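S.K.: The structure is given below, and queries will be raised subsequently.
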Amino acid sequence: MKDLLKFLKQQSKTEEFNGIKIGLASPDLIRSWSFGEVKKPETINYRTFKPEREGLFCARIFGPVKDYECLCGKYKRLKHRGVICEKCGVEVTQTKVRRERMGHIDLASPVAHIWFLKSLPSRIGLMLDMTLRDIERVLYFESFVVIEPGMTSLERGQMLTEENYLDALEEYGDEFEAKMGAEAVLELLRAIDLEKEIDMMREELPSINSETRRKKITKRLKLIEAFFQSGNKPEWMILKVLPVLPPDLRPLVPLDGGRFATSDLNDLYRRVINRNNRLKRLLDLAAPDIIVRNEKRMLQESVDALLDNGRRGRAITGSNKRPLKSLADMIKGKQGRFRQNLLGKRVDYSGRSVITVGPTLRLHQCGLPKKMALELFKPFIYGKLEGRGLATTIKAAKKMVEREVPEVWDVLDDVIREHPVMLNRAPTLHRLGIQAFEPVLIEGKAIQLHPLVCAAYNADFDGDQMAVHVPLTLEAQLEARSLMMSTNNILSPANGEPVITPSQDVVLGLYYTSRECVNGKGEGMAFESIDEVEKAYRTKVAAIHARIKVRVTETQIAENGERTESRRIVDTTVGRALLSRILPKGLSYDLVNQNMGKKQISKLLNTCYRQLGLKDTVIFADQLMYAGFHYATVSGASVGINDMVIPDEKYTLVADAEAEVLEIQEQFQSGLVTAGERYNKVIDIWASANEKVSKAMMANLSSETVINRDGEEEEQESFNSIYMMADSGARGSAAQIRQLAGMRGLMAKPDGSIIETPITANFREGLNVSQYFISTHGARKGLADTALKTANSGYLTRRLVDVAQDLVVIEEDCGTFEGLTMKPLIEGGDVVEPLRERVLGRVVAQDVLKPGTEEVLVPRNTLLDEAWCDIVEENSIDEMIVRSVISCDTDFGVCAACYGRDLARGHIINQGEAIGVVAAQSIGEPGTQLTMRTFHIGGAASRASAENNVQVKNLGTLKLHNAKYVTNSVGKLVIVSRSSELAIIDELGREKERYKVPYGTVLEKLEDDAVAAGEIIANWDPHTHPIVSEVAGSIKFVDMIEGVTMTRQTDELTGLSSIVVMEVGQRPSAGKEMRPAICLIGADGNDLMIPGTEVPAQYFLPGNAIVAQDDNAPINVGDALARIPQESSKTRDITGGLPRVADLFEARKPKEPAILAEHSGTISFGKETKGKRRLVITPADGGDHYEEMIPKWRNLNVFEGEKVERGEVIADGAEAAHDILRLRGIHKVANYIVNEVQDVYRLQGVKINDKHIEVIIRQMLRKCEITNAGDSEFLAGEQAEVSRVKIANRELEAQGKQPATFERELLGITKASLATESFISAASFQETTRVLTEAAVGGKSDKLRGLKENVIVGRLIPAGTGYSYHQKRNAETATGTDTEAAPVISASEAEQNLADLLNLAGSSD
């Protein structure tokens, strides 16, 4: 019978579709969907359990309850298919039509749809240009609204209270019409002529001056245009007919004990039907107005509750005081349709179990318990058993498997061979959380996992569980084997480094083997080959750490694959010689001839992958692991309490620190330092004491003195187990050893502040009660943090994935010449990240020239691999322009050249790769390692921030960047520009260090001078801000009147007097308008000019400036005319960790943002107002000047008369990304966000490639604001997708019309996700109601471009292996041919086929 049904299945086929459109349903459309009107609130008959007629489960409307059987039982069986029973009116067909047939309710009075009423901004309100409150008062029958004023003085849409209405009736009689309720709103909406409104508003727009009014009209215009273009009619926002959901989607399930469980929707529908029927009866009876009104209001409320319960007023609750789940609740939220059933489904053929170690497995294998395998591969086993003739029927096969006869196991072995399974560990934070393995059958019940893949899964064996999934189809097996096999995922997609690096015991074993010791057994022997070494080791002639000489044979592999062998003698140890046996051919012996810590091993694997490729690396990684386990066992490393050696110096160091603290305490009590300073200093003292103790401890641990062969004492690296574990990177760190053998150190309170009494004891000595309490205090905070962090990190990842999910590589090369300028990252003089690491795997955007010549070193469009990077480094190139996804020109995707290398594969990225998701996972996955805390900058850092000089670390030459300077009387340079930087260049022209130097810095060296390491080359006063003279002459005071604009103050200690300019607020009224200044005059008494300009040398003095010179005093170039004291910058918290990353990606505005210059020009200060000063910038080309009000308390970086460039910092603070984009452009904002995000991750030692952050930034920059519409169909001030505007502009330019101009906009990731073109994707992310309301009103069509939309509608995603399928479809839709659908048979053909089959079956009896 099952086979027969196949013929009938083809009746209802899903049409191929290319998009999904959402719109408003008209009453006629709703009626056309419906199969009948639901008139009664009954559900099923309580005795017969049959559905009531015309009720909510009526079989006549919705279809039969049993397959091919009418309700009264007159027609049963297949042969009556399609007949409608004359007794009960039920069509004989399959039950599943009850999942798709809808009904309807004819409403006795129209009802407003709550989504279009209450979802802000209210669409109905915007359409009618009325406030939401007014409309609600009409809808809920509190006031009348005028619909047709006629010849009266009333206006259309005017609100009338009951009294007003009665007065108007008396006055005008029936000349006017006013109504209440949804009917009134319906008539108002129906009366709107969309086209006329649009024309009126478009004419009105240009003449409007008020900003708010323009915004309001633009909003309304957009809405009306959306209606007009989509063909929706405004009156459809009011329901006249209510559709009824098919009954099987709101089932009534019998529980045991005769009770029923029902879906909340049934209650809600029942309520609507009851009220509707009562209203019909009242209308028939012509009941009094007030009763009818009340009933209509109740109907409106019950429909509201059905559509979106709790949106207005209190939510309707069921019998158990729980709000009922309405239609809107069904689709939104984590438990809603989108996230629960469409994006995350449960799958069949899966199992889960605890994992244990499989140290004997190969990298591509996993151990699968026989029991699990038998269950998972059942259908395959049945098939095999039947195929081999061991079982006659499936039923027999089933019996065999249940009895577990021996043949079954042989078959299972066969089935499993070369059939990969997928292992997944939750939480799956990145794509390496699911990998494929070949199963190996094992006894027991735990899955065995290869130790090297633990890092990718972040798994350990303390009870973690993993899930197994079986890829069933051939295609799935192929993908699992070729793409997801653990051996194909050696490199991490986040940073391109090996992710299958050994850890813990393996590292310890390899490290132990490769160490050397003085005077080991067999030291100084020389061996002819590695085989001999092994023999000596096995026969115990030579110890594993002994230093020996040995002849090694190395294979070099040339570019073309030719192999040459060479031999040489190396100094090494027995252990390293043994390790080199597993080294693949083609790698140098030097790679193992060193202490093999975790970093070295990782580098070794990386080199192996780059030089020899995947296969050798996989084999090598396995061998390394086996060797590591073996030698770790041999080493017998263990930890005893005596391994934690406490340094003798500890006690004196602690005593010294305590004495210092006492001294500060005394200073505090005598009032010399403030409480804050005392606290900071105390913490500093303890922090440095802690450092010293741990230094002494590590020095003590790390070396030991032994007797060498000559009988003399010699220092050697210690073989202390704890030290070895930390040094090799196997487990633990100096910070942890410090707590065991040094001192526990400072602890933090739960709020993050540091407790000033540290724990001076360590764990070996033991803690006393108060120390123990403080310890637990901090530890508990750590646990609470971790729990919060996980949730926050997961949410960040979800937002990132959502914003980037539809970004896919869709073409080879977009041909752009744009790119980002890459320089080495230098912080405080150290190169944090050399240029090589930043450009590796990128494509060059413009030819790189050899320094000092015109010769092209790296041609454009070269993919920089390791070899090219070597060339770049040799030629000491310190900046280059590389392609980036941010500047990629491809529409709706990116090109391979702008992305560069696929980090996980090491070649240029393939088309169809979902780079957006990879980027989001790479940024989100380490999120759990980031801290949650904001860092309190305590003493140490605040002291560092008040630096006052630059001390060089390397030899080199001095170079200045964007610096203006003058030479003072003693021949030193004085910097007179802001944001100047000073760099040190080595002899090859590479930049080694770079420092920011403030205005007024005095340089000890001239530009291009040689500097030595450790020299101090620049000084400045961190506490005051000088005003430097740029010419020599005499001082002339302007507007400097004692007691009016300035005062004289005498210093008590030195007796010197100085002039202090008064703040505007303190001056008498005569001085309010005066502008105190210093003017420089020459010997002839005329004003001097600033060199090279026509600007007189006049320096305006702000309030509180201190002038050291007197009137008419001579002055030299570079001397300070005045000093402005700087308030000591308050120690402010810097947000760090996860919250900082989230803030950057959400593009949040900082609390006190830096103020940037909006234009280039000259600064002057206009009239001051209360609490604010007016900053005026006059452009050099004489354009309109720009004014801005700035609060007085902001510290300004600029003086009157100074020139600024657009985007320069005027007042310090955190820079807002929006400002950087507006004033400095897209590349600068990209650099800013990339560097800021990287700073957070770098602090935690996490490496992420810049590319991933750039991908997210590209998505944040997707939208733009139209500044001038030109001849396009956009509106000025409208937000649009950049790709759309570019495409439109290309068309306009081709026609010779004026294109639209636009300004890029930066959106935070949440906003950007909600602003995508695809409403399905946005609705499944957040704010489902709002997204769907907006989409419906605009009649939006979702083209199913992204990944998420396709997952939701159940198709292959347009990325990876599904990419070509989508390419083919798109090409066909473009040319107009249809993809071949499944063969469709008409019902009559199917019936014929069936009859034939039945005859055959019948004749074979």
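Just so you know, glycine gets a Cβ as well, placed from its N, Cα and C.
Dumping what Swiss-Prot says about this protein:
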BINDING   CYS70, CYS72, CYS85, CYS88  Zn(2+) 1 binding site
BINDING   ASP460, ASP462, ASP464  Mg(2+) binding site
BINDING   CYS814, CYS888, CYS895, CYS898  Zn(2+) 2 binding site
S.K.: Give the distance between the Cα atoms of CYS888 (Zn(2+) 2 binding site) and CYS88 (Zn(2+) 1 binding site), rounded to the nearest whole Å.
M.R.: 66
S.K.: Looking at the binding-site residues ASP460, ASP464, CYS814, whose Cα is closest in space to that of CYS88 (Zn(2+) 1 binding site)?
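M.R.: In terms of Cα distance, CYS88 (Zn(2+) 1 binding site) lies closest to ASP464.
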S.K.: Can you tell which of the binding-site residues CYS70, CYS72, CYS85, CYS898 lies nearest to ASP464 (Mg(2+) binding site) in space, using Cα positions?
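M.R.: Out of the listed candidates, the nearest Cα belongs to CYS898.
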S.K.: For Zn(2+) 2, what surrounds CYS814, CYS888, CYS895, CYS898 with a Cβ no more than 8 Å from their Cβ centroid?
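M.R.: What remains near the Cβ centre is GLU811, ASP813, THR816, ARG883, VAL885, SER887, ASP889, THR890, VAL894, ALA896, ALA897, TYR899.
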S.K.: Compute the mean position of the Cβ atoms of ASP460, ASP462, ASP464, which form the recorded Mg(2+) site, and then list in sequence order the other residues of that chain whose Cβ is within 8 Å of it.
M.R.: ILE355, ALA459, PHE461, GLY463
S.K.: By CA distance, which of the binding-site residues (CYS70, CYS85, ASP460, ASP462) lies nearest to CYS898 (Zn(2+) 2 binding site)?
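M.R.: Nearest candidate: ASP460.
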S.K.: Which residues does CYS70 (Zn(2+) 1 binding site) neighbour through Cβ under 8 Å, counting only same-chain ones at least six apart?
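M.R.: ALA59, PRO64, LYS76, VAL83, CYS85, LYS87, CYS88, VAL90, GLU91, VAL92 - these are the non-local Cβ neighbours of CYS70 (Zn(2+) 1 binding site), listed in sequence order.
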S.K.: So of CYS888, CYS898, which of the binding-site residues has the fewest other Cβ atoms within 10 Å around its own Cβ?
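M.R.: Selected from the binding-site residues CYS888, CYS898 on minimum Cβ neighbours within 10 Å: CYS888.
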S.K.: Which residues, in sequence order, are found in the same chain with Cβ within 8 Å of the centroid defined by the Cβ atoms of CYS70, CYS72, CYS85, CYS88 at the Zn(2+) 1 site, excluding those residues themselves?
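M.R.: So the additional residues around the site are LEU71, GLY73, LYS74, TYR75, GLU86, LYS87, GLY89, VAL90.
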S.K.: Of CYS72, CYS85, CYS88, CYS895, the binding-site residues given in the record, which has the fewest other CB atoms within 10 A of its CB?
M.R.: CYS72
S.K.: Considering Cα atoms only, can you say which of CYS72, ASP460, ASP462 is the nearest neighbour of CYS895 (Zn(2+) 2 binding site) among these binding-site residues?
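M.R.: Nearest by Cα distance to CYS895 (Zn(2+) 2 binding site): ASP460.
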S.K.: At a 10 Å cut-off from the C-beta of ASP460 (Mg(2+) binding site), count the other C-beta atoms across all protein chains.
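M.R.: Within a 10 Å radius of the Cβ of ASP460 (Mg(2+) binding site) lie 11 other Cβ atoms.
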S.K.: For the binding-site residues ASP462, ASP464, work out the Cβ neighbour count at 10 Å and name the residue with the minimum.
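M.R.: So among ASP462, ASP464, the binding-site residues given, the one with the fewest Cβ atoms within 10 Å is ASP462.
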S.K.: Report the same-chain neighbours of CYS814 (Zn(2+) 2 binding site): residues 6+ apart in sequence with Cβ closer than 8 Å to its Cβ, ordered by sequence.
M.R.: CYS888, ASP889, THR890, VAL894, CYS895, ALA897, CYS898
S.K.: Look up CYS895 (Zn(2+) 2 binding site) in the DSSP assignment and report helix, strand or coil.
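M.R.: Looking at the DSSP assignment, CYS895 (Zn(2+) 2 binding site) belongs to a strand.
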S.K.: Measure from the CA atom of CYS72 (Zn(2+) 1 binding site) to the CA atom of ASP460 (Mg(2+) binding site) and give the result in Å, rounded to a whole number.
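M.R.: Distance (Cα to Cα, whole Å): 62 Å.
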